[in-house]
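Asks: Dumping the structure here so I can ask a few things about it.
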Amino acid sequence: MAVVLIWTPLLMGLLAGLGGTKAQQTTLHPLVGRVFVHTLDHEAFLSLPEHDAVPPTVRITYHAHLQGHPDLPRWLRYTQRSPHHPGFLYGSATSEDRGRQVIEVTAYNRDSFDTTQQRLVLEIGDPEGPLLPYQAEFLVCSHDVEEVLPSTPASRFLSALGGLWEPGELQLLNITSALDRGGRVPLPIEGQREGVYIKVGSASPFSTCLKMVASPDSHARCAQGQPPLLSCYDTLAPHFRIDWCNVTLVDKSVPEPADEVPTPGDGILEHDPFFCPPTEAPDRDFLVDALVTLLVPLLVALLLTLLLAYVMCCRREGRLKRDLATSDIQMVHHCTIHGNTEELRQMAASREVPRPLSTLPMFSVRTGERLPPLVDSAQVPLILDQH
């Protein structure tokens, strides 16, 4: 009864919060082939007076999904480090995702059990400006994905990368957590991070330094556990620790040759002098093959049966030969045991029998006769020596 009284106000407050929730609507404009990052701040979901900061102890979690679907679209991801930190919606839309998409976000206050809904209208369009055919992807081992998604760290990364690239405008194309690319969860040790892949594009060609990092010689050195070739100063250090063995360069300035479309033929193979299939197949009689297949195993089985019968039935030694090969003392011992066994069986069948001879004090085990009273029976062996 006490449990019911405790949970009833909580459920009523939750239902009241759901009933009075009015979804806010925000319109955003992601671009195809460009990174999209939207921060889910606690201030946007809490009804607080102006100039009031969010208490640091407030715990809020989010749940986002595509309208009419249980999950997010395939190009969009959601992450949140803890209920005390903001959430992020990030990803890079493709040409197939062009159009209008509506994302519904629900915020849950873990302290007051209030819920707030927000509707994000994504108008996905094509980017303006020049194309970015030169694309490079870097693995940043010193950061988690939540640490790079804000605008400040991303801008700092592009500024530091400008020292390694030819002069030109650099733009972020995609940000992916290393865990989504098959990476392992790091140990809870200070300084260990999950890692994040950052993809950058530019209209300017790659610098000589980046080409040398992605050269086959550098890959060979990485396979042997040695650092790759780096002919320039690492301007990303010490703020960003790059795994230079995982740098990928993609050059889309040269169009790839189109795949040749196979031309359907008439279904008739051309003449080949090395392949001459027979035009006529002669008739064959399979009676001999069938007889050999059946009779040979039967004959072998019959011979084995006859051999086994001869060994078991025609080569028996017999009891006479066995008795002649057995010594007399062994035969007497065997007969004595056999006789005692029969005597015990007779005693078990009828209890009104005289005392067995084997229990008498004056009894010869070998002959079955009584000995004179003066002979000490303790000195008489059970089996006398043969003379």
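Even glycines carry a Cβ here, placed using N, Cα and C.
Annotation source TrEMBL lists domain 'Dystroglycan-type cadherin-like' at 27-131. Per TrEMBL, the feature signal peptide maps to 1-23. Positions annotated as transmembrane segment by TrEMBL: 286-312.
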Asks: What average pLDDT does the predicted model assign to the domain 'Dystroglycan-type cadherin-like' (27-131)?
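Replies: It averages 88.
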Asks: Which residue counts does DSSP give the domain 'Dystroglycan-type cadherin-like' (27-131) for helix, strand and coil?
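Replies: Grouping H, G, I as helix and E, B as strand yields 3 helix, 51 strand, 51 coil.
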